[in-house]
Amino acid sequence: MSEEAPRNGRTGLRLIVVGAALGVVLAAGAGFGMKVTDRRPFCASCHIMQEAALTHKASTHANLACNECHAPQNLAAKLPFKAVAGAKDVYMNTLGRPDDVIHSGQSTKDVVNANCKACHTMTNKQVASMDSKPYCVDCHRNVQHMRMTPISTRKVADG
């Protein structure tokens, strides 16, 4: 009986150490996964996003990861947002029929607009006092994802 007590104590300690190590590995893997899935190469891996990735790469915002604009920055909001958006993207790219032109939903528009305002605080202060449209991209649509078509070849109706 006296030999079992230390053995049980060591077993408990081993379980704690193994559990802690597993927790560290899972947390590191989740952090790595979050970073990888935020970036342009991951986003461009879907055919429908390749043009957006190319135009982003050539834009003034090329140094930003896609989800610095397209996902909430608060981790508590970012996790469910990415889970829902990812599930929709997987469904549309495997079982659904994605549109040729990507249209952002209301929640994405709100997130992108909040992220524009968070980075461009001085511009936001200046624009807030003016009559402005509700979303930054209403005026600045082509800043982050400029068109692939050269301006010289566009028609007036192209915008």
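Going from the start of the chain as shown, residues are counted 1 onward.
Glycine residues also receive a Cβ, built from the backbone N, Cα and C atoms like all the rest.
Note that the structure is a prediction, hence the values are computed from the model and not measured.
Neighbour density for C43 (heme 1 binding site): within 10 A of its CB lie 20 other CB atoms from the protein chains shown. The heme 1 binding site annotation in TrEMBL covers C43, C46, M49, D89.
Positions annotated as heme 3 binding site by TrEMBL: H61, C116, C119, H120. Following the DSSP three-state reduction, the secondary structure of C116 (heme 3 binding site) is helix.
Annotation note: C69 (heme 2 binding site) sits in a helical segment as assigned by DSSP. Among the features that TrEMBL reports, heme 2 binding site is placed at C66, C69, H70, H145.
Cβ contacts within 10 Å of K82 (menaquinol binding site), excluding its own Cβ and spanning all protein chains shown: 19. According to its DSSP assignment, K82 (menaquinol binding site) is helical. As annotated by TrEMBL, menaquinol binding site applies to N67, K82, D89.
Residues or ranges marked as heme 4 binding site by TrEMBL: C136, C139, H140. Using a 10 Å radius centred on the Cβ of H140 (heme 4 binding site) and all shown protein chains, the other Cβ atoms total 13.
Sequence annotations record features per position, and here TrEMBL assigns domain 'NapC/NirT cytochrome c N-terminal' to 13-146.
Residues annotated as transmembrane segment in TrEMBL: 12-34.
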Cβ neighbours of C139 (heme 4 binding site) where a neighbour is any other Cβ within 10 Å: 10
I want the residues beyond H61, C116, C119, H120 whose C-beta is within 8 angstroms of the mean position of the heme 3 site's C-beta atoms, in chain order. C69, N115, K117, A118, C136
For M49 (heme 1 binding site), which of the three DSSP-derived states applies: helix, strand, or coil? helix
C136 (heme 4 binding site) has how many other Cβ neighbours within 10 Å of its own Cβ? 22
Do you know offhand how many angstrom separate C116 (heme 3 binding site) and C43 (heme 1 binding site) by C-alpha? 20
